[in-house]
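Features of the protein shown, as given by TrEMBL:
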- C144-C182: disulfide bond (DISULFID)
- C145-C170: disulfide bond (DISULFID)
- 12-30: transmembrane segment (TRANSMEM)
- 50-72: transmembrane segment (TRANSMEM)
- 79-106: transmembrane segment (TRANSMEM)
- 204-229: transmembrane segment (TRANSMEM)
Amino acid sequence: MLSKIFTTVKYTLVSVNFLFLITGIIVLAVGSSVQSAYNGYHQFLSERFFSLPAFCVATGVIVFLVAFAGFYGAFMENYYMIMAFAGAMVLMFVFQLSACIAGYVLKGSTVALVQQQLLNTMDVYGSNLEVTKLWDEVQEDFTCCGVLNSSDWLPHLHTEESFGLPISCCDHVYGTIQTFNCNTTLAYTTGCSEAFGNWVKSHAASIGVAGIVLVFMQALAVVGALWLANITRQERQFP
């Protein structure tokens, strides 16, 4: 009877490890994709937004390696390897849970953090080519203007009287052969802290979801590993 239970638990743990391995690959992919997406807007994002994707990439690699150790321990019925696997899972569980909490805290303050970064870069629009290009890309890609609204630009560009704005604030047809003026009347009505901030928030949320799935899989792996280790020890003591 004990042998039958042992076999069942063994193959259950192998199955959980396989899912755990797949989850590690998914977490690695999510972290890499989010980091790649954020890299294009480095000037507008604080370092806090880059730490979580980097942590996800590192976690995905570690999970991938630990899952192989779990496979080995389950197939070889090695008590010490199984216990080492369970211990590694407990540590990973704590770190990953902390990352999930940090991710959701960051998600809640995303718009405020993005808003501050945007405000800090408005004064160098026109003088800093990298920031100027990035502002134009953000306003065109997200059809937004300014931080909260288009009037945010006026004191920074000293255009309080003409209401002039960056061309990227307005919807325009490429190839138009005439003078094009962009002002607060023609500008996009949505502020970039909202449009761009929501995009950043959605990527932060994807990290949180991936972390929750991984935490759940880790809990199953730890329970299965401890159960299998206990049965392995009993079989050795009572053959």
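One is the number of the first residue shown, and numbering goes on along the chain from there.
Each Cβ is built from the backbone N, Cα and C atoms, and glycine gets one as well.
Values in this document were obtained by computation on a predicted structure and should not be read as measured data.
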Between C145, C182, which of the disulfide-bonded residues has its C-beta surrounded by the fewest other C-beta atoms within 10 Å?
C182
Could you list the residues of the same chain, at least six apart in sequence, whose Cβ is under 8 A from the Cβ of C144 (disulfide bond)?
V138, Y188, T190, G191, C192, E194, A195, F196
Which ones in the same chain are close to C170 (disulfide bond), with CB under 8 Å and 6+ residues apart in sequence?
C145, F180, C182, L186, A187, Y188
